[in-house]
Ligand code: PMP
């Protein structure tokens, strides 16, 4: 077997080795059909079973209640930024957005095309180092919905607790922490996530939507951009990304085989702690970007205090086989994305590398 990289990419990112091996094995002749999964009809029995199993598995893993639909869409999380207000915001309505990073800003900007988004609170003044305090979030009874980003991929912050918005539907972009820990889906009216971090390859967007929302949606919008179109046709209105859905299903099987989301969450805590400890025990040689109480278990953002050394750190890490440690191009620094499929050994190897680098250079 070829050596697997220590893959800390922010997305697309590491997939479980077992899933890749399984896909490789099934690649040329899927279930004795004489063809790959990519070459068969999305309306045939084989694909349909794969598709339906993936939906069922996600419902089981996340304990998604009966009054929710699971949809597989395309266009990435970015299309959701537009689809949400297009479906649920009327021209004369307002919706509240919590700004906790650039992705929430983008969602907020798209909503301006359809109605009046309002900033519920923002941590921009603090360089998005923290998740805003629950008590600072202002939303209003007349809001069409409240929008949050549960994990901020660029800054390495993650909500620890979600706001109670009462009757107002709570919508969350969970692109970078979906299925990383147990959540109570009932707190949300809509959850969306691009698959390419915790769920599979890029090309599929998962939407979990409460059914009553579907009934309230605007109707004067293009067919493909209506959630109801996809809900009414079990996400098979048009040709879906069949290979991506197959891979997503395999990733879900893997999560199940690991003991489910609660077990994955324990492992994610352990993995992140290994790296945060290296930062916190470095006497300031490394320092974290996120404030400790907002730290993400998925994206660990940090700096090497000496800027020249930071460049050297990233170069040496790359040479040592660590992939994807550069911070997002908008903020610089370092970022280790430790999604579900990143093994503990990769985090331990990174910690050891950080400690050795510090010993050499301080
Ligand atoms: N939201 C979050 C939190 C993200 O991290 C990303 C991508 N990194 C996006 C939205 C955009 O996703 P996509 O590229 O699937 O449109």
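Any Cβ shown, glycine's included, is placed from N, Cα and C.
Automated prediction, rather than curation, is the source of TrEMBL annotations.
Same-site candidate for pyridoxal 5'-phosphate binding, as annotated by TrEMBL with 77, 78, 103, 153, 196, 238, 239, chosen from 136, 173, 184, 212: 173. Annotation for residue 77 (pyridoxal 5'-phosphate binding site): spatial neighbours 103, 173, 175, 192, 193, 194, 205, criterion Cβ-Cβ under 8 Å with sequence separation of six or more.
Comparing Cβ neighbour counts within 10 Å across the binding-site residues 78, 239, the minimum falls on 239. Within the set of recorded positions 43, 77, 153, 197, 238, 239, 77, 153 have a CB atom less than 6 Å from some atom of ligand 1. A gap of 27 Å separates the Cα atoms of residue 78 (pyridoxal 5'-phosphate binding site) and residue 43 (L-glutamate binding site). Note on the recorded positions 103, 197: the fewest other CB atoms within 10 A surround the CB of 103. Over all protein chains present, the Cβ of residue 238 (pyridoxal 5'-phosphate binding site) has 12 other Cβ atoms lying within 10 Å. In sequence order, 236 make up the list of same-chain residues 6 or more apart from residue 43 (L-glutamate binding site) whose Cβ falls under 8 Å from its Cβ.
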